[in-house]
(Lines of atoms letter the chains of each structure in order from A and count residues from 1; the text may use other names and numbers.)
(Lines give C-alpha, C1' and ligand atoms only; values in the text may rest on other atoms or scores of the structure.)
Protein backbone atom coordinates (compact mmCIF):
# COMPACT_ATOMS: atom_id res chain seq x y z
CA UNK A 1 0.00 0.00 0.00
CA UNK A 2 1.34 3.42 -0.96
CA UNK A 3 1.89 5.84 1.91
CA UNK A 4 2.22 8.89 -0.35
CA UNK A 5 0.54 10.13 -3.51
CA UNK A 6 3.00 9.71 -6.40
CA UNK A 7 1.11 11.76 -8.97
CA UNK A 8 2.98 14.51 -10.77
CA UNK A 9 2.17 17.03 -13.48
CA UNK A 10 4.65 16.98 -16.35
CA UNK A 11 4.41 19.33 -19.35
CA UNK A 12 0.83 20.08 -18.33
CA UNK A 13 -0.20 16.41 -18.21
CA UNK A 14 -1.01 14.74 -14.89
CA UNK A 15 0.61 11.33 -14.40
CA UNK A 16 -0.84 9.00 -11.71
CA UNK A 17 2.77 8.10 -10.93
CA UNK A 18 6.08 8.93 -12.66
CA UNK A 19 6.77 5.41 -13.95
CA UNK A 20 6.43 4.88 -17.71
CA UNK A 21 7.36 2.29 -20.28
CA UNK A 22 9.96 3.76 -22.60
CA UNK A 23 9.60 3.51 -26.34
CA UNK A 24 10.89 -0.01 -27.01
CA UNK A 25 9.89 -3.66 -27.37
CA UNK A 26 8.15 -3.53 -23.96
CA UNK A 27 5.41 -1.30 -25.41
CA UNK A 28 5.04 -2.72 -28.89
CA UNK A 29 1.31 -3.44 -29.09
CA UNK A 30 -2.04 -2.97 -27.37
CA UNK A 31 -1.80 -6.14 -25.26
CA UNK A 32 1.60 -5.28 -23.80
CA UNK A 33 0.66 -1.70 -22.94
CA UNK A 34 -2.66 -2.78 -21.45
CA UNK A 35 -0.88 -5.25 -19.18
CA UNK A 36 1.54 -2.52 -18.11
CA UNK A 37 -1.32 -0.18 -17.24
CA UNK A 38 -3.06 -2.96 -15.31
CA UNK A 39 0.15 -3.66 -13.38
CA UNK A 40 0.39 -0.06 -12.22
CA UNK A 41 2.50 1.87 -14.69
CA UNK A 42 1.47 5.52 -14.84
CA UNK A 43 2.25 6.03 -18.50
CA UNK A 44 3.33 4.33 -21.69
CA UNK A 45 5.56 5.63 -24.45
CA UNK A 46 4.38 3.43 -27.30
CA UNK A 47 7.16 1.97 -29.44
CA UNK A 48 8.27 4.51 -32.06
CA UNK A 49 6.03 4.64 -35.10
CA UNK A 50 6.62 6.10 -38.53
CA UNK A 51 6.09 5.55 -42.23
CA UNK A 52 9.31 3.51 -42.24
CA UNK A 53 8.68 -0.23 -41.78
CA UNK A 54 11.51 -1.91 -39.89
CA UNK A 55 13.00 -5.12 -41.27
CA UNK A 56 14.69 -6.60 -38.22
CA UNK A 57 17.64 -8.98 -37.83
CA UNK A 58 17.65 -12.22 -35.83
CA UNK A 59 19.02 -12.57 -33.21
CA UNK A 60 19.03 -8.95 -32.11
CA UNK A 61 20.10 -8.86 -28.44
CA UNK A 62 23.27 -9.34 -26.38
CA UNK A 63 24.14 -8.69 -22.75
CA UNK A 64 27.09 -7.96 -20.49
CA UNK A 65 27.59 -9.73 -17.15
CA UNK A 66 29.83 -9.18 -14.11
CA UNK A 67 30.93 -12.30 -12.25
CA UNK A 68 27.80 -14.14 -11.08
CA UNK A 69 25.34 -11.26 -11.41
CA UNK A 70 22.47 -10.96 -13.84
CA UNK A 71 23.24 -8.81 -16.84
CA UNK A 72 24.38 -5.29 -16.04
CA UNK A 73 24.21 -4.05 -19.61
CA UNK A 74 22.03 -4.94 -22.58
CA UNK A 75 22.54 -4.45 -26.30
CA UNK A 76 19.72 -4.32 -28.82
CA UNK A 77 19.64 -4.01 -32.59
CA UNK A 78 15.93 -3.18 -32.91
CA UNK A 79 14.67 -0.24 -34.90
CA UNK A 80 11.21 1.34 -34.74
CA UNK A 81 7.88 -0.53 -34.68
CA UNK A 82 7.65 -3.29 -37.25
CA UNK A 83 3.85 -3.06 -37.49
CA UNK A 84 2.18 -0.97 -40.22
CA UNK A 85 1.38 2.61 -39.28
CA UNK A 86 -2.39 2.08 -39.34
CA UNK A 87 -2.09 -0.88 -36.97
CA UNK A 88 -0.09 1.22 -34.52
CA UNK A 89 -2.55 4.11 -34.72
CA UNK A 90 -5.41 1.70 -34.05
CA UNK A 91 -3.59 0.44 -30.95
CA UNK A 92 -3.19 4.01 -29.70
CA UNK A 93 -6.91 4.69 -30.17
CA UNK A 94 -7.90 1.52 -28.34
CA UNK A 95 -5.50 2.16 -25.45
CA UNK A 96 -6.85 5.66 -24.89
CA UNK A 97 -10.44 4.43 -25.04
CA UNK A 98 -9.80 1.63 -22.54
CA UNK A 99 -7.44 3.55 -20.20
CA UNK A 100 -8.56 7.20 -20.29
CA UNK A 101 -6.94 7.99 -16.93
CA UNK A 102 -3.51 6.69 -17.91
CA UNK A 103 -0.99 8.73 -19.88
CA UNK A 104 -0.35 7.66 -23.47
CA UNK A 105 2.70 9.09 -25.22
CA UNK A 106 3.22 8.51 -28.93
CA UNK A 107 6.84 8.20 -30.00
CA UNK A 108 7.31 9.19 -33.63
CA UNK A 109 10.14 9.27 -36.15
CA UNK A 110 10.08 10.74 -39.64
CA UNK A 111 12.58 11.08 -42.46
CA UNK A 112 11.72 14.67 -43.46
CA UNK A 113 9.69 17.66 -42.29
CA UNK A 114 6.54 16.50 -44.04
CA UNK A 115 6.62 13.11 -42.33
CA UNK A 116 7.25 14.59 -38.88
CA UNK A 117 4.33 17.00 -39.31
CA UNK A 118 1.97 14.32 -40.62
CA UNK A 119 2.88 11.81 -37.90
CA UNK A 120 2.22 14.45 -35.24
CA UNK A 121 -1.21 15.10 -36.69
CA UNK A 122 -2.05 11.39 -36.90
CA UNK A 123 -1.09 10.50 -33.32
CA UNK A 124 -3.03 13.46 -31.93
CA UNK A 125 -6.09 12.29 -33.85
CA UNK A 126 -5.51 8.80 -32.42
CA UNK A 127 -5.82 10.11 -28.86
CA UNK A 128 -2.25 10.45 -27.61
CA UNK A 129 -1.71 12.76 -24.63
CA UNK A 130 1.84 13.70 -25.59
CA UNK A 131 4.36 13.23 -28.38
CA UNK A 132 7.94 12.09 -28.00
CA UNK A 133 10.20 12.79 -30.99
CA UNK A 134 12.75 10.02 -31.35
CA UNK A 135 15.86 11.80 -32.58
CA UNK A 136 18.20 9.25 -31.07
CA UNK A 137 17.84 5.58 -32.05
CA UNK A 138 21.46 4.52 -32.75
CA UNK A 139 20.80 1.59 -35.10
CA UNK A 140 18.46 2.89 -37.78
CA UNK A 141 19.32 1.68 -41.28
CA UNK A 142 18.21 5.03 -42.71
CA UNK A 143 20.67 7.86 -42.03
CA UNK A 144 17.79 10.32 -42.31
CA UNK A 145 16.53 8.97 -38.98
CA UNK A 146 17.73 8.26 -35.44
CA UNK A 147 20.88 9.42 -33.68
CA UNK A 148 22.36 10.89 -36.86
CA UNK A 149 19.54 13.44 -36.62
CA UNK A 150 19.94 13.88 -32.86
CA UNK A 151 23.55 14.96 -33.24
CA UNK A 152 22.50 17.92 -35.40
CA UNK A 153 20.99 20.90 -33.53
CA UNK A 154 19.78 22.31 -36.84
CA UNK A 155 17.79 19.20 -37.78
CA UNK A 156 16.39 18.80 -34.26
CA UNK A 157 15.12 22.38 -34.25
CA UNK A 158 13.66 22.04 -37.75
CA UNK A 159 11.85 18.79 -37.00
CA UNK A 160 10.52 20.08 -33.67
CA UNK A 161 8.98 23.00 -35.55
CA UNK A 162 7.42 20.56 -38.00
CA UNK A 163 5.86 18.54 -35.17
CA UNK A 164 4.45 21.71 -33.65
CA UNK A 165 2.84 22.58 -36.97
CA UNK A 166 1.13 19.19 -37.01
CA UNK A 167 -0.04 19.01 -33.40
CA UNK A 168 -0.97 21.03 -30.34
CA UNK A 169 0.08 18.26 -27.93
CA UNK A 170 2.96 18.68 -25.47
CA UNK A 171 6.10 17.44 -27.18
CA UNK A 172 9.33 15.90 -25.87
CA UNK A 173 12.60 15.65 -27.79
CA UNK A 174 14.43 12.39 -27.04
CA UNK A 175 18.17 12.98 -26.79
CA UNK A 176 21.04 10.81 -27.97
CA UNK A 177 23.94 10.27 -25.52
CA UNK A 178 26.26 9.71 -28.48
CA UNK A 179 27.34 13.33 -28.38
CA UNK A 180 29.67 15.51 -26.34
CA UNK A 181 27.30 18.34 -25.39
CA UNK A 182 23.63 17.44 -25.00
CA UNK A 183 22.73 20.95 -23.86
CA UNK A 184 23.34 22.36 -27.33
CA UNK A 185 20.83 19.96 -28.88
CA UNK A 186 18.35 20.40 -26.02
CA UNK A 187 18.45 24.16 -26.55
CA UNK A 188 17.80 23.63 -30.25
CA UNK A 189 14.77 21.48 -29.38
CA UNK A 190 13.52 24.21 -27.06
CA UNK A 191 13.89 26.83 -29.79
CA UNK A 192 11.93 24.53 -32.09
CA UNK A 193 9.01 24.44 -29.66
CA UNK A 194 9.69 21.31 -27.61
CA UNK A 195 8.00 21.36 -24.21
CA UNK A 196 10.56 19.08 -22.58
CA UNK A 197 13.35 16.56 -23.01
CA UNK A 198 13.56 12.77 -22.71
CA UNK A 199 17.07 11.53 -21.90
CA UNK A 200 18.85 9.32 -22.56
CA UNK A 201 18.46 6.90 -25.44
CA UNK A 202 20.89 3.99 -25.78
CA UNK A 203 24.67 4.30 -26.08
CA UNK A 204 26.40 3.08 -29.23
CA UNK A 205 28.30 -0.07 -28.33
CA UNK A 206 29.99 -3.35 -29.07
CA UNK A 207 29.30 -5.55 -26.06
CA UNK A 208 31.14 -8.81 -26.75
CA UNK A 209 33.27 -10.61 -29.34
CA UNK A 210 32.89 -14.34 -30.01
CA UNK A 211 36.52 -15.38 -29.52
CA UNK A 212 36.26 -18.50 -31.66
CA UNK A 213 34.55 -16.93 -34.66
CA UNK A 214 36.06 -13.44 -34.18
CA UNK A 215 32.64 -11.86 -34.67
CA UNK A 216 30.81 -9.27 -32.57
CA UNK A 217 27.66 -10.26 -30.70
CA UNK A 218 24.92 -10.92 -31.56
CA UNK A 219 25.97 -12.79 -34.69
CA UNK A 220 23.75 -12.24 -37.73
CA UNK A 221 24.86 -14.61 -40.48
CA UNK A 222 28.52 -14.17 -39.63
CA UNK A 223 28.43 -10.39 -39.03
CA UNK A 224 27.45 -7.93 -36.32
CA UNK A 225 27.01 -4.18 -35.94
CA UNK A 226 27.37 -1.29 -33.53
CA UNK A 227 24.08 -0.68 -31.74
CA UNK A 228 22.41 0.60 -28.59
CA UNK A 229 23.52 -0.27 -25.03
CA UNK A 230 21.20 0.11 -22.05
CA UNK A 231 20.58 -1.15 -18.54
CA UNK A 232 22.15 -0.47 -15.16
CA UNK A 233 25.56 0.18 -16.70
CA UNK A 234 24.37 3.36 -18.45
CA UNK A 235 22.74 4.94 -15.39
CA UNK A 236 25.78 7.10 -14.51
CA UNK A 237 25.85 8.42 -18.08
CA UNK A 238 22.16 9.30 -17.96
CA UNK A 239 22.45 11.01 -14.58
CA UNK A 240 25.38 13.09 -15.81
CA UNK A 241 23.50 14.37 -18.85
CA UNK A 242 20.37 15.14 -16.80
CA UNK A 243 22.39 17.05 -14.21
CA UNK A 244 24.15 19.09 -16.88
CA UNK A 245 20.89 20.06 -18.54
CA UNK A 246 19.08 20.92 -15.33
CA UNK A 247 21.91 23.21 -14.22
CA UNK A 248 22.26 24.99 -17.57
CA UNK A 249 20.90 28.56 -17.15
CA UNK A 250 18.55 28.25 -20.13
CA UNK A 251 17.37 24.71 -19.32
CA UNK A 252 17.03 24.97 -15.55
CA UNK A 253 13.23 24.79 -15.62
CA UNK A 254 12.88 22.73 -18.79
CA UNK A 255 11.02 19.48 -17.96
CA UNK A 256 12.96 16.21 -18.29
CA UNK A 257 11.77 12.61 -18.53
CA UNK A 258 14.62 10.46 -17.22
CA UNK A 259 15.73 7.24 -18.92
CA UNK A 260 18.69 4.93 -18.44
CA UNK A 261 19.19 2.00 -16.08
CA UNK A 262 16.18 2.53 -13.81
CA UNK A 263 15.06 -0.71 -12.16
CA UNK A 264 14.67 0.04 -8.41
CA UNK A 265 13.04 2.76 -6.33
CA UNK A 266 16.52 3.98 -5.39
CA UNK A 267 17.35 4.47 -9.07
CA UNK A 268 14.09 6.35 -9.50
CA UNK A 269 14.82 8.63 -6.54
CA UNK A 270 18.26 9.46 -7.93
CA UNK A 271 16.84 10.55 -11.27
CA UNK A 272 14.18 12.65 -9.54
CA UNK A 273 16.70 14.31 -7.24
CA UNK A 274 18.78 15.34 -10.25
CA UNK A 275 15.80 16.88 -12.01
CA UNK A 276 13.79 14.29 -13.93
CA UNK A 277 10.05 14.49 -13.25
CA UNK A 278 8.94 11.30 -14.99
CA UNK A 279 10.86 8.06 -15.41
CA UNK A 280 11.02 5.63 -18.30
CA UNK A 281 12.04 1.96 -18.14
CA UNK A 282 12.78 -0.78 -20.67
CA UNK A 283 15.74 -3.01 -19.77
CA UNK A 284 14.57 -3.60 -16.19
CA UNK A 285 11.22 -4.77 -17.55
CA UNK A 286 12.86 -7.06 -20.09
CA UNK A 287 14.86 -8.64 -17.26
CA UNK A 288 12.25 -8.76 -14.48
CA UNK A 289 8.84 -8.02 -16.00
CA UNK A 290 6.24 -5.27 -15.62
CA UNK A 291 5.85 -6.22 -11.95
CA UNK A 292 8.93 -4.18 -10.96
CA UNK A 293 6.72 -1.09 -10.89
CA UNK A 294 5.05 -2.38 -7.71
CA UNK A 295 8.30 -2.34 -5.73
CA UNK A 296 9.44 0.92 -7.32
CA UNK A 297 6.20 2.70 -6.44
CA UNK A 298 6.08 1.29 -2.92
CA UNK A 299 9.71 2.12 -2.18
CA UNK A 300 9.46 5.63 -3.59
CA UNK A 301 6.28 6.28 -1.63
CA UNK A 302 7.95 5.23 1.63
CA UNK A 303 11.00 7.33 0.78
CA UNK A 304 8.79 10.42 0.39
CA UNK A 305 7.23 9.73 3.76
CA UNK A 306 10.58 9.11 5.46
CA UNK A 307 12.06 12.32 4.04
CA UNK A 308 9.04 14.44 4.91
CA UNK A 309 8.05 15.32 1.35
CA UNK A 310 4.39 16.09 0.76
CA UNK A 311 4.63 15.55 -2.99
CA UNK A 312 6.92 14.08 -5.61
CA UNK A 313 7.51 17.51 -7.13
CA UNK A 314 9.20 18.71 -3.93
CA UNK A 315 12.19 16.41 -4.45
CA UNK A 316 12.78 17.11 -8.14
CA UNK A 317 16.25 18.57 -8.67
CA UNK A 318 17.21 18.87 -4.99
CA UNK A 319 20.59 17.16 -5.41
CA UNK A 320 21.88 19.54 -8.07
CA UNK A 321 23.02 22.19 -5.59
CA UNK A 322 25.41 19.63 -4.13
CA UNK A 323 27.15 18.75 -7.40
CA UNK A 324 29.90 21.27 -8.09
CA UNK A 325 32.88 21.57 -10.45
CA UNK A 326 35.83 19.39 -9.43
CA UNK A 327 37.92 22.46 -8.60
CA UNK A 328 35.37 23.52 -5.96
CA UNK A 329 35.54 20.29 -3.93
CA UNK A 330 37.05 20.42 -0.41
CA UNK A 331 40.55 18.93 -0.62
CA UNK A 332 41.66 19.85 2.91
CA UNK A 333 41.25 16.49 4.63
CA UNK A 334 41.63 12.71 4.44
CA UNK A 335 39.02 10.19 5.62
CA UNK A 336 40.56 6.97 6.89
CA UNK A 337 38.71 3.65 6.65
CA UNK A 338 37.18 2.10 9.76
CA UNK A 339 37.25 -1.71 9.75
CA UNK A 340 34.56 -3.62 11.63
CA UNK A 341 36.45 -6.80 12.49
CA UNK A 342 33.28 -8.43 13.81
CA UNK A 343 31.91 -8.42 10.25
CA UNK A 344 35.22 -9.15 8.49
CA UNK A 345 35.40 -12.62 6.90
CA UNK A 346 39.14 -12.53 6.31
CA UNK A 347 38.98 -12.73 2.53
CA UNK A 348 41.88 -10.33 1.99
CA UNK A 349 40.35 -8.47 -0.93
CA UNK A 350 40.95 -5.08 0.67
CA UNK A 351 44.64 -5.92 1.14
CA UNK A 352 45.09 -7.16 -2.43
CA UNK A 353 43.28 -4.20 -4.00
CA UNK A 354 45.13 -1.64 -1.89
CA UNK A 355 48.52 -3.22 -2.59
CA UNK A 356 48.02 -3.79 -6.31
CA UNK A 357 45.73 -0.87 -7.15
CA UNK A 358 46.11 1.64 -4.33
CA UNK A 359 48.83 2.90 -1.98
CA UNK A 360 49.94 -0.22 -0.07
CA UNK A 361 48.32 1.16 3.08
CA UNK A 362 46.27 -1.90 4.01
CA UNK A 363 48.39 -4.31 6.01
CA UNK A 364 47.54 -7.98 6.51
CA UNK A 365 48.02 -10.39 9.39
CA UNK A 366 48.43 -13.96 8.18
CA UNK A 367 48.03 -15.15 11.74
CA UNK A 368 44.62 -13.60 12.41
CA UNK A 369 43.59 -13.11 8.76
CA UNK A 370 42.60 -9.52 9.46
CA UNK A 371 43.49 -6.21 7.78
CA UNK A 372 44.86 -3.07 9.41
CA UNK A 373 45.11 0.40 7.89
CA UNK A 374 48.50 2.10 8.04
CA UNK A 375 47.52 5.77 8.27
CA UNK A 376 51.05 6.87 7.38
CA UNK A 377 50.47 5.53 3.87
CA UNK A 378 46.69 5.82 3.51
CA UNK A 379 45.44 8.61 1.24
CA UNK A 380 41.76 8.04 2.04
CA UNK A 381 40.68 6.83 -1.41
CA UNK A 382 38.43 4.15 0.18
CA UNK A 383 39.07 1.61 -2.58
CA UNK A 384 39.15 -0.97 0.21
CA UNK A 385 35.55 -0.24 1.15
CA UNK A 386 34.34 -0.57 -2.42
CA UNK A 387 35.85 -4.03 -2.91
CA UNK A 388 34.82 -5.43 0.49
CA UNK A 389 32.16 -8.11 -0.19
CA UNK A 390 30.53 -7.86 3.26
CA UNK A 391 30.52 -4.11 3.89
CA UNK A 392 32.79 -4.17 6.92
CA UNK A 393 34.84 -1.13 5.87
CA UNK A 394 33.24 2.26 6.50
CA UNK A 395 34.17 5.93 6.60
CA UNK A 396 36.15 6.59 9.76
CA UNK A 397 38.41 9.27 11.25
CA UNK A 398 38.77 12.60 9.46
CA UNK A 399 42.29 14.06 9.47
CA UNK A 400 43.04 17.52 8.10
CA UNK A 401 46.08 17.91 5.90
CA UNK A 402 49.10 19.84 7.15
CA UNK A 403 48.46 23.56 7.19
CA UNK A 404 44.68 23.23 6.73
CA UNK A 405 42.24 24.79 9.19
CA UNK A 406 39.83 22.36 10.81
CA UNK A 407 36.15 22.82 10.03
CA UNK A 408 32.94 20.73 10.09
CA UNK A 409 32.88 18.01 7.44
CA UNK A 410 29.81 16.27 6.01
CA UNK A 411 30.46 12.65 5.04
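Cβ atoms here come from the backbone N, Cα and C positions, even for glycine.
Swiss-Prot lists 137 with the feature active site, nucleophile.
For the recorded site, residue 201 (substrate binding site), the DSSP three-state label reads coil. All protein chains shown were included, and the count of other CB atoms within 10 Å of the CB of residue 201 (substrate binding site) stands at 28. The substrate binding site annotation in Swiss-Prot covers 76, 134, 135, 136, 201, 202 and rests on similarity to another entry.
Around residue 347 ([4Fe-4S] cluster 1 binding site), the same-chain residues at least 6 positions away in sequence with a Cβ under 8 Å from its Cβ are 389. According to its DSSP assignment, residue 347 ([4Fe-4S] cluster 1 binding site) is coil. Residues annotated as [4Fe-4S] cluster 1 binding site in Swiss-Prot, with sequence analysis given as evidence: 344, 347, 350, 388.
The feature [4Fe-4S] cluster 2 binding site is assigned by Swiss-Prot to 354, 378, 381, 384. All protein chains considered, the CB of residue 384 ([4Fe-4S] cluster 2 binding site) has 23 other CB atoms within 10 Å.
Non-local neighbours of the domain '4Fe-4S ferredoxin-type 1' (335-367) in the same chain are 373-385, 387-399, 411; each lies 6+ residues outside the stretch with a CB under 8 Å from one of its CB atoms. Under the heading domain '4Fe-4S ferredoxin-type 1', Swiss-Prot lists 335-367.
Helix first, then strand, then coil: DSSP counts for the domain '4Fe-4S ferredoxin-type 2' (369-398) stand at 5 helix, 10 strand, 15 coil. The domain '4Fe-4S ferredoxin-type 2' annotation in Swiss-Prot covers 369-398.
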Residue 381 ([4Fe-4S] cluster 2 binding site) versus residue 134 (substrate binding site) - Cα distance in angstrom: 41
Residue, out of the binding-site residues 344, 378, whose Cβ gathers the largest set of other Cβ atoms within 10 Å: 378
Fewest Cβ neighbours within 10 Å, where candidates are the binding-site residues 76, 134, 136, 202: 76
Distance, residue 201 (substrate binding site) to residue 378 ([4Fe-4S] cluster 2 binding site) (CA atoms, angstrom): 40
Among 350, 354, 381, 388, the one of these binding-site residues whose Cβ has the fewest neighbouring Cβ atoms within 10 Å: 381
Closest of 135, 201, 202, 354, 384 to residue 344 ([4Fe-4S] cluster 1 binding site), Cα positions, binding-site residues only: 384
